[in-house]
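So that you can see what the record holds, here are the features copied from Swiss-Prot:
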| type | residues | note |
| --- | --- | --- |
| ACT_SITE | 383 | active site |
| BINDING | 327, 328, 329, 330, 331, 332, 333, 348 | ATP binding site |
(Lines of atoms letter the chains of each structure in order from A and count residues from 1; the text may use other names and numbers.)
(Lines give C-alpha, C1' and ligand atoms only; values in the text may rest on other atoms or scores of the structure.)
Protein backbone atom coordinates (compact mmCIF):
# COMPACT_ATOMS: atom_id res chain seq x y z
CA UNK A 1 0.00 0.00 0.00
CA UNK A 2 1.29 3.45 -0.95
CA UNK A 3 1.23 5.85 2.00
CA UNK A 4 2.55 8.86 0.10
CA UNK A 5 0.44 12.05 0.28
CA UNK A 6 -1.62 13.09 -2.72
CA UNK A 7 -0.60 16.73 -2.29
CA UNK A 8 2.83 18.13 -1.42
CA UNK A 9 1.72 20.88 0.93
CA UNK A 10 4.79 21.33 3.12
CA UNK A 11 7.21 24.16 2.30
CA UNK A 12 9.66 22.82 4.86
CA UNK A 13 9.55 19.49 3.00
CA UNK A 14 10.85 21.13 -0.17
CA UNK A 15 13.43 23.19 1.71
CA UNK A 16 14.84 20.16 3.53
CA UNK A 17 14.99 18.14 0.30
CA UNK A 18 16.80 20.95 -1.49
CA UNK A 19 19.26 21.37 1.39
CA UNK A 20 20.13 17.67 1.35
CA UNK A 21 20.67 17.70 -2.41
CA UNK A 22 22.83 20.84 -2.22
CA UNK A 23 25.01 19.09 0.35
CA UNK A 24 25.25 15.98 -1.83
CA UNK A 25 26.27 18.11 -4.81
CA UNK A 26 29.00 19.66 -2.67
CA UNK A 27 30.18 16.19 -1.66
CA UNK A 28 30.32 14.98 -5.26
CA UNK A 29 32.10 18.13 -6.41
CA UNK A 30 34.82 17.46 -3.81
CA UNK A 31 34.92 13.81 -4.93
CA UNK A 32 35.56 14.83 -8.54
CA UNK A 33 38.11 17.48 -7.58
CA UNK A 34 40.15 14.74 -5.90
CA UNK A 35 40.29 12.78 -9.17
CA UNK A 36 41.38 15.90 -11.07
CA UNK A 37 44.09 16.53 -8.48
CA UNK A 38 45.22 12.90 -8.86
CA UNK A 39 46.21 13.59 -12.48
CA UNK A 40 48.45 16.47 -11.42
CA UNK A 41 50.03 14.43 -8.61
CA UNK A 42 50.62 11.49 -10.96
CA UNK A 43 52.29 13.70 -13.54
CA UNK A 44 54.59 15.15 -10.86
CA UNK A 45 55.34 11.72 -9.34
CA UNK A 46 54.05 12.96 -5.99
CA UNK A 47 53.31 9.52 -4.58
CA UNK A 48 53.00 10.68 -0.98
CA UNK A 49 50.51 13.30 -2.17
CA UNK A 50 48.46 10.63 -3.94
CA UNK A 51 48.39 8.52 -0.77
CA UNK A 52 47.25 11.52 1.27
CA UNK A 53 44.54 12.33 -1.28
CA UNK A 54 43.22 8.76 -1.26
CA UNK A 55 43.11 8.71 2.56
CA UNK A 56 41.30 12.03 2.82
CA UNK A 57 38.70 11.07 0.23
CA UNK A 58 37.67 7.96 2.19
CA UNK A 59 36.51 10.05 5.17
CA UNK A 60 35.09 12.89 3.06
CA UNK A 61 31.64 11.32 2.66
CA UNK A 62 31.03 10.95 6.39
CA UNK A 63 32.23 14.51 6.93
CA UNK A 64 29.69 15.85 4.41
CA UNK A 65 26.86 13.77 5.94
CA UNK A 66 27.69 15.09 9.40
CA UNK A 67 27.76 18.68 8.12
CA UNK A 68 24.38 18.21 6.43
CA UNK A 69 22.79 16.74 9.58
CA UNK A 70 24.12 19.62 11.67
CA UNK A 71 22.75 22.13 9.16
CA UNK A 72 19.31 20.49 9.16
CA UNK A 73 19.27 20.50 12.96
CA UNK A 74 20.25 24.17 13.10
CA UNK A 75 17.97 25.40 10.33
CA UNK A 76 14.92 23.12 10.60
CA UNK A 77 15.13 21.35 13.99
CA UNK A 78 15.20 18.14 11.93
CA UNK A 79 14.68 15.71 14.81
CA UNK A 80 11.31 17.30 15.54
CA UNK A 81 9.99 17.51 11.99
CA UNK A 82 6.55 15.88 11.91
CA UNK A 83 6.76 12.31 10.65
CA UNK A 84 4.00 13.04 8.12
CA UNK A 85 6.37 15.52 6.46
CA UNK A 86 9.21 13.05 5.79
CA UNK A 87 7.41 11.23 2.94
CA UNK A 88 6.90 14.66 1.34
CA UNK A 89 10.61 15.39 1.78
CA UNK A 90 11.39 12.18 -0.09
CA UNK A 91 8.93 12.99 -2.90
CA UNK A 92 10.35 16.50 -3.31
CA UNK A 93 13.83 14.96 -3.41
CA UNK A 94 12.76 12.54 -6.15
CA UNK A 95 11.44 15.46 -8.16
CA UNK A 96 14.75 17.29 -7.81
CA UNK A 97 16.61 14.22 -9.11
CA UNK A 98 14.75 13.74 -12.38
CA UNK A 99 17.54 15.32 -14.45
CA UNK A 100 20.41 14.62 -12.05
CA UNK A 101 23.52 12.79 -13.31
CA UNK A 102 24.31 10.96 -10.07
CA UNK A 103 20.80 10.11 -8.83
CA UNK A 104 21.70 6.74 -7.30
CA UNK A 105 24.49 8.30 -5.23
CA UNK A 106 22.23 11.20 -4.24
CA UNK A 107 19.61 8.71 -3.01
CA UNK A 108 22.25 6.98 -0.90
CA UNK A 109 23.33 10.33 0.55
CA UNK A 110 19.68 11.03 1.44
CA UNK A 111 19.54 7.69 3.26
CA UNK A 112 22.75 8.42 5.16
CA UNK A 113 21.41 11.77 6.35
CA UNK A 114 17.95 10.46 7.28
CA UNK A 115 19.35 7.47 9.16
CA UNK A 116 21.21 9.90 11.42
CA UNK A 117 17.93 11.68 12.22
CA UNK A 118 15.15 9.09 12.10
CA UNK A 119 14.59 6.09 14.37
CA UNK A 120 15.07 2.59 12.92
CA UNK A 121 11.30 2.14 12.83
CA UNK A 122 11.18 4.56 9.90
CA UNK A 123 13.82 2.79 7.79
CA UNK A 124 11.29 1.77 5.15
CA UNK A 125 10.53 2.83 1.60
CA UNK A 126 8.07 5.56 2.68
CA UNK A 127 10.86 7.52 4.35
CA UNK A 128 14.16 6.43 2.75
CA UNK A 129 15.24 4.80 -0.51
CA UNK A 130 15.01 1.09 0.28
CA UNK A 131 14.74 0.69 -3.50
CA UNK A 132 16.01 3.15 -6.13
CA UNK A 133 13.45 5.65 -7.41
CA UNK A 134 15.30 7.19 -10.37
CA UNK A 135 16.53 5.10 -13.28
CA UNK A 136 20.22 5.31 -14.14
CA UNK A 137 19.76 3.92 -17.65
CA UNK A 138 21.10 5.99 -20.54
CA UNK A 139 22.23 8.96 -18.47
CA UNK A 140 24.79 10.97 -20.37
CA UNK A 141 26.38 14.36 -19.93
CA UNK A 142 25.03 16.51 -22.75
CA UNK A 143 26.56 19.79 -21.60
CA UNK A 144 28.67 21.63 -24.21
CA UNK A 145 32.34 20.58 -24.17
CA UNK A 146 31.63 17.80 -21.65
CA UNK A 147 33.57 14.57 -21.91
CA UNK A 148 31.50 11.58 -23.01
CA UNK A 149 31.60 8.50 -20.80
CA UNK A 150 33.69 6.74 -23.43
CA UNK A 151 35.15 7.48 -26.85
CA UNK A 152 34.85 5.21 -29.86
CA UNK A 153 37.79 4.67 -32.24
CA UNK A 154 37.69 2.96 -35.64
CA UNK A 155 41.06 1.42 -36.56
CA UNK A 156 39.89 0.45 -40.04
CA UNK A 157 40.45 3.95 -41.36
CA UNK A 158 43.94 4.63 -39.99
CA UNK A 159 45.30 1.31 -38.81
CA UNK A 160 45.50 -0.21 -35.34
CA UNK A 161 48.90 1.20 -34.38
CA UNK A 162 47.91 4.79 -35.22
CA UNK A 163 44.60 4.35 -33.38
CA UNK A 164 46.34 3.05 -30.24
CA UNK A 165 48.72 6.00 -30.31
CA UNK A 166 45.80 8.43 -30.62
CA UNK A 167 44.03 6.74 -27.69
CA UNK A 168 47.08 7.34 -25.49
CA UNK A 169 47.82 10.90 -26.60
CA UNK A 170 44.18 11.95 -26.17
CA UNK A 171 44.68 11.77 -22.39
CA UNK A 172 47.18 14.65 -22.71
CA UNK A 173 49.54 13.57 -19.97
CA UNK A 174 52.28 16.12 -19.47
CA UNK A 175 55.47 14.08 -19.10
CA UNK A 176 56.60 12.75 -22.48
CA UNK A 177 56.70 9.05 -23.20
CA UNK A 178 60.10 7.42 -23.27
CA UNK A 179 59.29 5.64 -26.54
CA UNK A 180 55.59 5.52 -27.36
CA UNK A 181 56.21 3.86 -30.73
CA UNK A 182 58.02 1.01 -28.97
CA UNK A 183 55.23 0.64 -26.40
CA UNK A 184 52.53 0.56 -29.10
CA UNK A 185 54.50 -2.14 -30.91
CA UNK A 186 54.55 -4.13 -27.65
CA UNK A 187 50.76 -3.83 -27.37
CA UNK A 188 50.38 -5.02 -30.96
CA UNK A 189 52.62 -8.01 -30.27
CA UNK A 190 50.78 -8.84 -27.03
CA UNK A 191 47.42 -8.76 -28.85
CA UNK A 192 48.82 -11.11 -31.50
CA UNK A 193 50.29 -13.41 -28.85
CA UNK A 194 46.94 -13.56 -27.04
CA UNK A 195 44.49 -13.83 -29.94
CA UNK A 196 46.58 -14.64 -33.00
CA UNK A 197 45.63 -13.06 -36.30
CA UNK A 198 41.95 -12.17 -36.30
CA UNK A 199 39.89 -10.84 -39.16
CA UNK A 200 38.52 -7.37 -38.67
CA UNK A 201 34.74 -7.44 -38.76
CA UNK A 202 32.74 -4.60 -40.26
CA UNK A 203 31.99 -3.29 -36.75
CA UNK A 204 35.62 -3.43 -35.53
CA UNK A 205 36.04 -0.59 -33.01
CA UNK A 206 37.66 0.29 -29.69
CA UNK A 207 35.79 1.96 -26.81
CA UNK A 208 37.88 3.74 -24.18
CA UNK A 209 36.60 5.31 -20.96
CA UNK A 210 37.32 9.03 -21.05
CA UNK A 211 39.03 9.26 -17.65
CA UNK A 212 42.15 7.53 -16.39
CA UNK A 213 42.02 5.35 -13.28
CA UNK A 214 44.69 6.41 -10.77
CA UNK A 215 46.04 4.23 -7.95
CA UNK A 216 49.50 3.96 -6.38
CA UNK A 217 52.07 4.85 -9.05
CA UNK A 218 49.90 3.80 -11.98
CA UNK A 219 47.29 5.34 -14.26
CA UNK A 220 45.13 2.83 -16.15
CA UNK A 221 43.50 3.22 -19.56
CA UNK A 222 40.40 0.99 -19.52
CA UNK A 223 38.41 -0.06 -22.57
CA UNK A 224 36.98 -2.80 -24.75
CA UNK A 225 37.54 -4.04 -28.30
CA UNK A 226 34.40 -4.81 -30.33
CA UNK A 227 34.90 -7.20 -33.23
CA UNK A 228 31.92 -9.05 -34.61
CA UNK A 229 30.07 -10.50 -31.64
CA UNK A 230 33.16 -10.52 -29.42
CA UNK A 231 33.77 -7.99 -26.63
CA UNK A 232 37.39 -8.08 -25.52
CA UNK A 233 38.31 -6.13 -22.36
CA UNK A 234 41.64 -4.44 -21.90
CA UNK A 235 43.54 -2.18 -19.52
CA UNK A 236 46.84 -0.41 -20.18
CA UNK A 237 48.83 0.63 -17.09
CA UNK A 238 50.88 3.81 -17.54
CA UNK A 239 53.87 4.27 -15.23
CA UNK A 240 56.87 6.53 -14.88
CA UNK A 241 59.72 4.66 -16.57
CA UNK A 242 62.12 7.00 -14.78
CA UNK A 243 62.06 10.61 -13.62
CA UNK A 244 60.25 12.75 -16.18
CA UNK A 245 59.27 10.08 -18.72
CA UNK A 246 56.30 7.75 -19.03
CA UNK A 247 55.86 4.27 -20.47
CA UNK A 248 53.01 1.90 -21.23
CA UNK A 249 53.93 -0.86 -18.80
CA UNK A 250 51.86 -3.70 -20.28
CA UNK A 251 48.41 -4.49 -21.66
CA UNK A 252 45.97 -6.69 -19.74
CA UNK A 253 43.69 -8.59 -22.10
CA UNK A 254 41.96 -11.16 -19.91
CA UNK A 255 38.87 -10.66 -17.78
CA UNK A 256 40.45 -12.32 -14.76
CA UNK A 257 43.34 -9.84 -14.94
CA UNK A 258 40.93 -6.91 -14.93
CA UNK A 259 38.90 -8.43 -12.11
CA UNK A 260 42.06 -8.56 -10.01
CA UNK A 261 42.90 -4.88 -10.51
CA UNK A 262 39.28 -4.04 -9.59
CA UNK A 263 39.19 -6.52 -6.70
CA UNK A 264 38.04 -5.99 -3.10
CA UNK A 265 41.62 -6.37 -1.85
CA UNK A 266 42.88 -3.27 -3.66
CA UNK A 267 42.49 0.35 -2.63
CA UNK A 268 39.90 2.46 -4.39
CA UNK A 269 40.68 4.15 -7.70
CA UNK A 270 40.68 7.91 -8.15
CA UNK A 271 38.70 8.48 -11.35
CA UNK A 272 36.72 11.49 -12.56
CA UNK A 273 33.16 10.40 -13.42
CA UNK A 274 30.40 12.86 -14.18
CA UNK A 275 27.95 9.97 -14.68
CA UNK A 276 29.13 7.16 -12.39
CA UNK A 277 26.34 4.77 -13.39
CA UNK A 278 27.54 4.93 -17.01
CA UNK A 279 31.08 4.03 -15.92
CA UNK A 280 29.76 1.14 -13.84
CA UNK A 281 27.64 -0.11 -16.74
CA UNK A 282 30.70 -0.01 -19.02
CA UNK A 283 32.87 -1.85 -16.49
CA UNK A 284 30.20 -4.51 -16.00
CA UNK A 285 30.18 -5.10 -19.76
CA UNK A 286 33.84 -6.14 -19.59
CA UNK A 287 33.58 -7.88 -16.18
CA UNK A 288 30.06 -9.33 -16.36
CA UNK A 289 30.38 -11.53 -13.28
CA UNK A 290 31.36 -8.68 -10.99
CA UNK A 291 28.59 -7.27 -8.75
CA UNK A 292 27.67 -3.62 -9.21
CA UNK A 293 28.32 -3.11 -5.51
CA UNK A 294 31.98 -4.11 -5.91
CA UNK A 295 32.47 -1.91 -8.98
CA UNK A 296 30.99 1.17 -7.29
CA UNK A 297 33.27 0.50 -4.33
CA UNK A 298 36.39 0.03 -6.47
CA UNK A 299 35.90 3.42 -8.18
CA UNK A 300 35.75 5.16 -4.81
CA UNK A 301 31.98 5.33 -4.27
CA UNK A 302 32.15 2.93 -1.34
CA UNK A 303 28.93 4.18 0.30
CA UNK A 304 27.01 3.45 -2.88
CA UNK A 305 28.67 0.05 -3.02
CA UNK A 306 27.74 -0.56 0.61
CA UNK A 307 24.12 0.42 -0.09
CA UNK A 308 23.90 -1.89 -3.11
CA UNK A 309 25.52 -4.73 -1.19
CA UNK A 310 22.87 -4.49 1.52
CA UNK A 311 20.13 -4.57 -1.12
CA UNK A 312 21.82 -7.64 -2.64
CA UNK A 313 21.82 -9.30 0.79
CA UNK A 314 18.11 -8.60 1.36
CA UNK A 315 17.31 -9.86 -2.15
CA UNK A 316 19.31 -13.02 -1.54
CA UNK A 317 17.57 -13.64 1.79
CA UNK A 318 14.19 -13.40 0.10
CA UNK A 319 15.23 -15.97 -2.54
CA UNK A 320 17.05 -18.51 -0.35
CA UNK A 321 16.26 -20.71 2.63
CA UNK A 322 19.57 -21.80 4.19
CA UNK A 323 20.57 -20.57 7.65
CA UNK A 324 23.38 -18.42 8.98
CA UNK A 325 25.94 -20.63 10.71
CA UNK A 326 29.17 -20.22 12.65
CA UNK A 327 31.96 -19.98 10.08
CA UNK A 328 33.94 -23.23 9.71
CA UNK A 329 37.58 -23.22 10.81
CA UNK A 330 39.52 -22.17 13.88
CA UNK A 331 37.56 -19.77 16.09
CA UNK A 332 39.23 -16.42 16.74
CA UNK A 333 39.92 -14.96 20.16
CA UNK A 334 38.71 -11.49 19.19
CA UNK A 335 36.08 -11.87 16.47
CA UNK A 336 32.95 -13.99 16.21
CA UNK A 337 32.56 -14.97 12.56
CA UNK A 338 29.45 -16.39 10.90
CA UNK A 339 28.35 -16.92 7.34
CA UNK A 340 25.44 -17.85 5.09
CA UNK A 341 26.67 -20.81 2.99
CA UNK A 342 24.77 -19.71 -0.12
CA UNK A 343 26.16 -16.14 0.08
CA UNK A 344 29.90 -15.61 -0.55
CA UNK A 345 30.63 -13.36 2.44
CA UNK A 346 31.46 -13.62 6.14
CA UNK A 347 30.04 -11.50 8.96
CA UNK A 348 32.44 -10.51 11.74
CA UNK A 349 31.59 -9.11 15.18
CA UNK A 350 33.99 -7.92 17.88
CA UNK A 351 33.51 -10.02 21.00
CA UNK A 352 32.57 -8.40 24.30
CA UNK A 353 35.54 -9.97 26.12
CA UNK A 354 38.91 -11.31 25.00
CA UNK A 355 40.71 -14.14 26.78
CA UNK A 356 44.45 -13.91 27.56
CA UNK A 357 46.89 -13.34 25.97
CA UNK A 358 44.84 -10.78 24.02
CA UNK A 359 45.17 -7.29 25.50
CA UNK A 360 43.05 -4.95 23.44
CA UNK A 361 39.71 -3.11 23.40
CA UNK A 362 36.79 -2.79 21.02
CA UNK A 363 37.86 0.78 20.20
CA UNK A 364 41.42 -0.31 19.39
CA UNK A 365 40.18 -3.05 17.08
CA UNK A 366 37.84 -0.65 15.27
CA UNK A 367 40.80 1.71 14.85
CA UNK A 368 42.78 -1.14 13.24
CA UNK A 369 39.98 -1.75 10.73
CA UNK A 370 39.85 1.96 9.96
CA UNK A 371 43.63 1.96 9.49
CA UNK A 372 43.29 -0.77 6.87
CA UNK A 373 40.41 1.06 5.17
CA UNK A 374 42.57 4.17 4.80
CA UNK A 375 45.82 2.39 3.94
CA UNK A 376 47.01 1.21 0.55
CA UNK A 377 45.85 -2.42 0.54
CA UNK A 378 47.97 -3.47 -2.47
CA UNK A 379 45.68 -6.36 -3.33
CA UNK A 380 46.83 -8.06 -0.12
CA UNK A 381 44.27 -6.94 2.50
CA UNK A 382 40.54 -7.58 2.29
CA UNK A 383 38.23 -4.58 2.23
CA UNK A 384 35.50 -4.54 4.86
CA UNK A 385 31.98 -3.14 4.84
CA UNK A 386 30.98 -1.75 8.22
CA UNK A 387 27.30 -1.76 9.22
CA UNK A 388 25.21 -0.84 12.24
CA UNK A 389 21.66 -1.88 13.19
CA UNK A 390 21.42 -4.84 10.82
CA UNK A 391 18.18 -6.81 11.27
CA UNK A 392 18.37 -10.52 10.38
CA UNK A 393 15.35 -12.85 10.48
CA UNK A 394 15.60 -15.08 13.55
CA UNK A 395 14.24 -18.03 11.59
CA UNK A 396 17.35 -17.91 9.38
CA UNK A 397 19.83 -18.13 12.28
CA UNK A 398 21.14 -21.55 13.29
CA UNK A 399 20.48 -22.37 16.95
CA UNK A 400 24.19 -22.89 17.66
CA UNK A 401 24.92 -19.46 16.17
CA UNK A 402 22.26 -17.80 18.34
CA UNK A 403 23.78 -19.39 21.44
CA UNK A 404 27.24 -18.21 20.38
CA UNK A 405 25.96 -14.67 19.80
CA UNK A 406 24.31 -14.59 23.22
CA UNK A 407 27.50 -15.88 24.83
CA UNK A 408 30.14 -13.80 23.02
CA UNK A 409 28.42 -10.56 21.92
CA UNK A 410 25.37 -9.95 24.15
CA UNK A 411 25.99 -6.19 24.10
CA UNK A 412 25.71 -6.12 20.29
CA UNK A 413 22.42 -7.96 19.79
CA UNK A 414 18.81 -7.03 20.43
CA UNK A 415 15.63 -8.99 19.79
CA UNK A 416 12.94 -7.09 17.91
CA UNK A 417 9.88 -9.10 16.93
CA UNK A 418 10.92 -11.84 14.51
CA UNK A 419 14.34 -10.28 13.94
CA UNK A 420 17.69 -10.15 15.64
CA UNK A 421 19.19 -6.66 15.36
CA UNK A 422 23.00 -6.58 15.27
CA UNK A 423 24.28 -3.22 16.45
CA UNK A 424 27.68 -3.40 14.74
CA UNK A 425 29.45 -5.78 12.36
CA UNK A 426 31.94 -6.04 9.51
CA UNK A 427 31.32 -7.94 6.28
CA UNK A 428 34.11 -9.35 4.09
CA UNK A 429 34.40 -11.56 1.03
CA UNK A 430 34.55 -15.21 2.01
CA UNK A 431 37.84 -16.89 1.13
CA UNK A 432 39.39 -20.29 1.66
CA UNK A 433 41.49 -20.02 4.84
CA UNK A 434 45.12 -20.51 3.85
CA UNK A 435 45.71 -23.12 6.56
CA UNK A 436 42.93 -25.30 5.06
CA UNK A 437 44.17 -24.61 1.52
CA UNK A 438 47.64 -25.87 2.47
CA UNK A 439 46.30 -28.75 4.54
CA UNK A 440 44.11 -30.13 1.75
CA UNK A 441 46.05 -29.00 -1.33
CA UNK A 442 48.05 -30.86 -3.92
CA UNK A 443 51.80 -30.34 -4.07
CA UNK A 444 51.35 -27.69 -6.78
CA UNK A 445 48.70 -25.90 -4.71
CA UNK A 446 50.91 -25.98 -1.62
CA UNK A 447 53.77 -24.45 -3.59
CA UNK A 448 51.45 -21.77 -4.99
CA UNK A 449 49.99 -20.98 -1.57
CA UNK A 450 53.38 -20.75 0.12
CA UNK A 451 54.85 -18.58 -2.62
CA UNK A 452 51.80 -16.28 -2.49
CA UNK A 453 51.91 -16.09 1.31
CA UNK A 454 55.55 -15.01 1.31
CA UNK A 455 54.92 -12.48 -1.44
CA UNK A 456 51.91 -11.10 0.44
CA UNK A 457 53.79 -10.56 3.71
CA UNK A 458 56.81 -9.06 1.91
CA UNK A 459 54.56 -6.63 0.03
CA UNK A 460 52.73 -5.70 3.23
CA UNK A 461 55.92 -4.87 5.13
CA UNK A 462 57.18 -2.85 2.16
CA UNK A 463 53.94 -0.86 2.47
CA UNK A 464 54.54 -0.34 6.22
CA UNK A 465 52.10 -2.99 7.45
CA UNK A 466 53.24 -5.54 10.03
CA UNK A 467 50.47 -8.17 10.20
CA UNK A 468 51.12 -9.11 13.82
CA UNK A 469 49.69 -12.62 13.91
CA UNK A 470 51.08 -14.25 10.77
CA UNK A 471 49.67 -17.74 11.18
CA UNK A 472 48.23 -19.18 7.99
CA UNK A 473 44.69 -19.14 9.46
CA UNK A 474 44.73 -15.33 9.29
CA UNK A 475 45.17 -15.34 5.51
CA UNK A 476 42.77 -16.42 2.80
CA UNK A 477 42.94 -17.51 -0.83
CA UNK A 478 40.71 -15.58 -3.25
CA UNK A 479 38.84 -16.93 -6.27
CA UNK A 480 41.79 -15.81 -8.40
CA UNK A 481 44.39 -17.59 -6.28
CA UNK A 482 45.70 -14.50 -4.51
CA UNK A 483 46.67 -14.78 -0.85
CA UNK A 484 45.08 -11.97 1.17
CA UNK A 485 45.40 -10.98 4.84
CA UNK A 486 42.14 -10.51 6.76
CA UNK A 487 42.78 -10.54 10.54
CA UNK A 488 43.55 -6.99 11.63
CA UNK A 489 43.39 -6.89 15.43
CA UNK A 490 47.19 -7.09 15.87
CA UNK A 491 48.21 -5.03 12.85
CA UNK A 492 50.89 -2.36 13.34
CA UNK A 493 52.93 0.03 11.23
CA UNK A 494 56.31 -1.58 10.58
CA UNK A 495 57.97 1.76 11.34
CA UNK A 496 56.56 1.52 14.88
CA UNK A 497 58.16 -1.90 15.41
CA UNK A 498 61.65 -2.77 16.66
CA UNK A 499 63.13 -5.47 14.43
CA UNK A 500 65.42 -7.62 16.58
CA UNK A 501 67.62 -10.67 16.28
CA UNK A 502 67.28 -13.38 18.90
CA UNK A 503 70.26 -13.06 21.27
CA UNK A 504 72.38 -16.24 21.61
CA UNK A 505 71.46 -18.38 24.63
CA UNK A 506 73.61 -17.72 27.67
CA UNK A 507 73.78 -21.37 28.70
CA UNK A 508 72.29 -24.83 28.09
CA UNK A 509 69.33 -24.02 30.29
CA UNK A 510 68.41 -21.06 28.06
CA UNK A 511 68.72 -23.21 24.97
CA UNK A 512 66.39 -25.89 26.35
CA UNK A 513 63.87 -23.42 27.77
CA UNK A 514 60.45 -23.06 26.19
CA UNK A 515 60.36 -19.41 27.28
CA UNK A 516 62.43 -16.48 25.92
CA UNK A 517 65.67 -15.86 27.83
CA UNK A 518 65.66 -12.27 26.63
CA UNK A 519 63.43 -9.26 27.26
CA UNK A 520 60.63 -8.60 24.78
CA UNK A 521 59.18 -5.09 24.46
CA UNK A 522 55.60 -4.41 23.31
CA UNK A 523 56.73 -3.46 19.78
CA UNK A 524 59.62 -5.92 19.39
CA UNK A 525 59.44 -8.41 16.52
CA UNK A 526 61.74 -11.41 16.04
CA UNK A 527 61.46 -12.81 12.47
CA UNK A 528 63.71 -15.76 13.36
CA UNK A 529 61.04 -17.07 15.73
CA UNK A 530 58.36 -17.43 13.03
CA UNK A 531 59.82 -20.60 11.50
CA UNK A 532 58.45 -23.12 14.05
CA UNK A 533 54.90 -21.81 13.52
CA UNK A 534 55.08 -21.74 9.72
CA UNK A 535 57.30 -24.70 8.75
CA UNK A 536 55.77 -27.57 10.74
CA UNK A 537 54.49 -29.40 7.65
CA UNK A 538 57.48 -30.89 5.73
CA UNK A 539 55.77 -30.19 2.37
CA UNK A 540 55.22 -26.55 3.33
CA UNK A 541 58.77 -26.27 4.66
CA UNK A 542 60.32 -27.48 1.40
CA UNK A 543 58.50 -24.96 -0.78
CA UNK A 544 58.77 -22.14 1.75
CA UNK A 545 62.55 -22.37 1.96
CA UNK A 546 62.80 -22.73 -1.82
CA UNK A 547 60.92 -19.48 -2.46
CA UNK A 548 61.36 -17.42 0.71
CA UNK A 549 64.50 -18.53 2.53
CA UNK A 550 65.14 -14.87 3.47
CA UNK A 551 61.75 -14.56 5.23
CA UNK A 552 63.20 -15.32 8.68
CA UNK A 553 66.21 -13.02 8.27
CA UNK A 554 65.67 -9.85 10.37
CA UNK A 555 67.66 -7.90 7.78
CA UNK A 556 64.83 -8.30 5.24
CA UNK A 557 62.43 -6.65 7.67
CA UNK A 558 64.88 -3.98 8.81
CA UNK A 559 65.72 -3.03 5.21
CA UNK A 560 62.02 -2.45 4.48
CA UNK A 561 61.69 -0.34 7.63
CA UNK A 562 64.78 1.72 6.75
CA UNK A 563 63.46 2.46 3.24
CA UNK A 564 60.14 3.57 4.71
CA UNK A 565 61.87 5.85 7.21
CA UNK A 566 63.77 7.43 4.30
CA UNK A 567 60.42 8.19 2.66
CA UNK A 568 60.86 5.70 -0.17
CA UNK A 569 57.77 4.09 -1.66
CA UNK A 570 58.42 0.82 -3.51
CA UNK A 571 56.78 -0.21 -6.76
CA UNK A 572 53.78 -2.51 -6.54
CA UNK A 573 52.03 -4.19 -9.43
CA UNK A 574 48.39 -5.30 -9.53
CA UNK A 575 49.40 -7.82 -12.20
CA UNK A 576 52.19 -10.34 -12.60
CA UNK A 577 55.50 -8.46 -13.08
CA UNK A 578 56.37 -10.99 -15.79
CA UNK A 579 53.67 -9.34 -17.96
CA UNK A 580 55.59 -6.05 -18.05
CA UNK A 581 56.80 -5.22 -21.55
CA UNK A 582 60.36 -4.63 -20.35
CA UNK A 583 60.46 -8.24 -19.11
CA UNK A 584 58.21 -9.84 -21.71
CA UNK A 585 59.83 -8.27 -24.76
CA UNK A 586 63.33 -7.23 -23.62
CA UNK A 587 64.61 -7.26 -27.20
CA UNK A 588 62.51 -4.15 -27.90
CA UNK A 589 64.26 -2.16 -25.16
CA UNK A 590 67.60 -0.50 -25.81
CA UNK A 591 70.32 -0.47 -23.11
CA UNK A 592 69.83 2.38 -20.66
CA UNK A 593 66.08 2.79 -21.07
CA UNK A 594 63.33 1.51 -18.78
CA UNK A 595 64.24 -2.16 -19.21
CA UNK A 596 66.91 -2.17 -16.56
CA UNK A 597 64.70 -0.21 -14.15
CA UNK A 598 61.90 -2.69 -14.78
CA UNK A 599 64.07 -5.70 -14.12
CA UNK A 600 65.24 -4.22 -10.83
CA UNK A 601 61.67 -3.37 -9.76
CA UNK A 602 60.46 -6.88 -10.50
CA UNK A 603 63.37 -8.56 -8.77
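Along the chain as shown, residues are numbered 1 onward.
Backbone N, Cα and C define each Cβ position, glycine as well.
Feature map: annotations from Swiss-Prot on the structure.
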| residue | record | CB count, 10 Å |
| --- | --- | --- |
| 327 | ATP binding site | 20 |
| 328 | ATP binding site | 10 |
| 329 | ATP binding site | 13 |
| 330 | ATP binding site | 12 |
| 331 | ATP binding site | 11 |
| 332 | ATP binding site | 18 |
| 333 | ATP binding site | 14 |
| 348 | ATP binding site | 23 |
| 383 | active site | 23 |
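Here the binding residues for ATP are 327, 328, 329, 330, 331, 332, 333, 348. Their largest Cα to Cα distance works out to 15 Å. Put simply, 348 is the one of the binding-site residues 328, 330, 331, 332, 348 whose Cα lies nearest to the Cα of residue 383 (active site). For the recorded site, residue 331 (ATP binding site), the DSSP three-state label reads coil. Following the DSSP three-state reduction, the secondary structure of residue 348 (ATP binding site) is strand.
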